[in-house]
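Peer 1: Attaching a single structure in structure tokens format; questions to follow.
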Amino acid sequence: MKIILANPRGFCAGVDRAISIVESALEIHGSPIYVRHEVVHNRFVVNGLRERGAIFVEELHEVPDGAIVIFSAHGVSQAVRQEAKNRNLKVFDATCPLVTKVHMQVARASRKGTKAILIGHEGHPEVEGTMGQYDNPEGGIFLVESVEDIAKLGLRQEDDLTFMTQTTLSIDDTSEVIEALKQKYPAIQGPRKNDICYATTNRQQAVRELAQQSDLVIVVGSKNSSNSNRLAELASRMGVVSKLIDDANDIDPTWLENVTTIGITAGASAPEVLVQSVVKRLQELGVTRVEELQGCEENTVFEVPRELRITEVN
């Protein structure tokens, strides 16, 4: 048996930045540091930060007045920002800059009174934060997850409409929804470039290539990670058995029966150490070769806030 590693895989620039913000805040300010929601959707990462003194909460009422709080990479609503200000909380914002870009699109629509349609998954924290950027009662923001949802929209063709998307969606599914929106509302406006982020796009393209060469695709990522789920779904759609796992402990040896090539990738919030532990476990189960796809190079870097930049002194 052999392993083929997808490339690119694992951490993206937004996740790197979010984790660095929590780590730097702990180093500079000490614990406790409060984090609203899991800073990224990965159990291994969150547990590691928790051990270092980060306290993860779901709502700001769990944070003492005047404390330091970090907003997760998924972003928050304007109401949450205002609550933090009212509570005199010291905020470090780990929202991914690519999510912030979508927030700005929604805020612009809100100011103009343009009705906005967000393509995304209901209940996902990124969606909640993005919809929370719209505060104009004369307009409105509406969530659709599928082509079927479009028929339920009570909007008119003559309405001033715009759309935007969650950053971690399936490229194929989103393209279908956008096309259906344009058919129903020919005058609808949208971003010049798809809001799905570069990392999501690159990892889905890598899985396409991986699935063509594999009998089994293993995606390393947490169950609540949107982009990890999309990777597993994509491999399945291509006719390959796919498994989404947190770590090597989730591997079932029976998966390897009649398998000669195992493809491995990782969601944007899964660290490389987990991938390597999966490789090691599979080698114990009989894998003899490890190869890696050439893929594309990613060199995007997002800076942490200035006051959290740690300068090494020689």
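Glycine residues also receive a Cβ, built from the backbone N, Cα and C atoms like all the rest.
Relevant sequence annotations retrieved from Swiss-Prot are reproduced here:
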type: ACT_SITE; residues: E126; note: active site, proton donor
type: BINDING; residues: C12, C96, C197; note: [4Fe-4S] cluster binding site
type: BINDING; residues: H41, H74, H124, S225, S226, N227, S269; note: dimethylallyl diphosphate binding site
type: BINDING; residues: H41, H74, H124, S225, S226, N227, S269; note: isopentenyl diphosphate binding site
type: BINDING; residues: H41, H74, H124, T167, S225, S226, N227, S269; note: (2E)-4-hydroxy-3-methylbut-2-enyl diphosphate binding site
Peer 1: Of H74, H124, S225, S226, N227, S269, which binding-site residues are close to C96 ([4Fe-4S] cluster binding site), meaning a Cα within 10 Å of its Cα?
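Peer 2: Passing the 10 Å Cα cut: H74.
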Peer 1: For S226 (dimethylallyl diphosphate binding site), which residues of its chain lie six or more apart in sequence with Cβ-Cβ distance below 8 Å?
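Peer 2: Correct list: H41, H121, H124, E126, Q166, T168, L169.
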Peer 1: Under a three-state reduction of DSSP output, how is H74 (dimethylallyl diphosphate binding site) classified: helix, strand, or coil?
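Peer 2: H74 (dimethylallyl diphosphate binding site) sits in coil per DSSP, no helix or strand.
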Peer 1: To test your reading of the (2E)-4-hydroxy-3-methylbut-2-enyl diphosphate site: which residues beyond H41, H74, H124, T167, S225, S226, N227, S269, same chain only, put their Cβ within 8 Å of the Cβ centroid of those residues?
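Peer 2: Leaving out the recorded residues gives V40, E126, T168, N224, S228, G267, A268.
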Peer 1: Restricting to the binding-site residues H74, T167, S225, N227, S269, which ones have a CA within 10 Å of the CA of C12 ([4Fe-4S] cluster binding site)?
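Peer 2: Those near C12 ([4Fe-4S] cluster binding site) - Cα within 10 Å - are S269, in sequence order.
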Peer 1: For S226 (dimethylallyl diphosphate binding site), name the DSSP secondary structure in the helix/strand/coil scheme.
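Peer 2: It is helical.
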Peer 1: Just to be sure I understand the packing, how many Cβ atoms besides its own are within 10 Å of the Cβ of H124 (dimethylallyl diphosphate binding site)?
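Peer 2: By my count, 17.
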Peer 1: By Cβ count within 10 Å, point out the most packed of the binding-site residues listed: T167, S225, N227, S269.
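Peer 2: Within the set of binding-site residues, the most crowded position is S269.
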Peer 1: Beyond C12, C96, C197, what residues of that chain have CB atoms within 8 A of the centre of the [4Fe-4S] cluster site's CB atoms?
Peer 2: A13, G14, V15, A73, P97, L98, V99, T167, T168, Y198, A199, T200, A268
Peer 1: Using DSSP with the three-state reduction, classify E126 (active site, proton donor) as helix, strand or coil.
Peer 2: helix
Peer 1: In sequence order, which same-chain residues at least six apart have a C-beta under 8 angstroms from H74 (dimethylallyl diphosphate binding site)?
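Peer 2: Long-range Cβ contacts: H37, T95, C96, V99, H124, P125, E126, G129.
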Peer 1: Relative to the Cβ position of H41 (dimethylallyl diphosphate binding site), how many further Cβ atoms are located within 10 Å?
Peer 2: 29
Peer 1: Relative to the Cβ of C197 ([4Fe-4S] cluster binding site), which residues of the same chain, six or more apart in sequence, are found under 8 Å away?
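Peer 2: C12, G14, C96, L98, T167, T168 - these are the non-local Cβ neighbours of C197 ([4Fe-4S] cluster binding site), listed in sequence order.
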